[in-house]
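The block underneath contains the structure these notes are about, expressed in structure tokens.
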Amino acid sequence: MEGEQQQLRNLRDFLLVYNKMTELCFSRCAKNLNYRSVTMEEEQCLDSCASKFIRANHRLMSAYVSLMPSVVQRRMAEYEGAAANVPPIETEPSADHMPPVISSHSGNSPTNKQLDSVSDLPVGK
């Protein structure tokens, strides 16, 4: 599932770059729309424009790939530093944070004296 999503993101990114390059090169090179075929001048312009765009994209990607490990390493160090500053979560509440016990001594609830006598009983193994 994750692999398919990554492929879709890659395809989307490729299509965005392709569409941007096509739009940019067309606006720069297509001067005369009176003919069905591309003129020699337009063809050379399109070839030059596309080549420049592709070379620039390759240079940017190589710079990105070379910088990415250091960026990931720096982010991991930041996350670990932030995690070290977070106070640990208490698993059992302390006596200071315990809510007060409200008891009503009705006929069915045990009293403190009855509870104390139960805690004195021997525990079986």
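Cβ coordinates come from backbone N, Cα and C, glycine included.
Keep in mind that what you see is a predicted model, and the values were worked out from it rather than measured.
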(message) Under Swiss-Prot, the annotation motif 'Twin CX3C motif' belongs to which of these stretches: 25-49, 50-74?
(response) 25-49
(message) What does the structure give for the C-alpha distance between Cys45 (disulfide bond) and Cys25 (disulfide bond)? Integer Å is fine.
(response) 8
(request) Report, in whole Å, the straight Cα-to-Cα distance of Cys29 (disulfide bond) from Cys49 (disulfide bond). (result) 8
(message) According to DSSP, collapsed to three classes, what secondary structure does Cys45 (disulfide bond) have?
(response) helix
(request) Show which residues of the chain containing Cys29 (disulfide bond), separated from it by at least 6 in sequence, have their CB under 8 Å from its CB. (result) Glu42, Cys45, Leu46, Cys49
(request) Could you pull the average pLDDT for the motif 'Twin CX3C motif' (25-49)? (result) 92
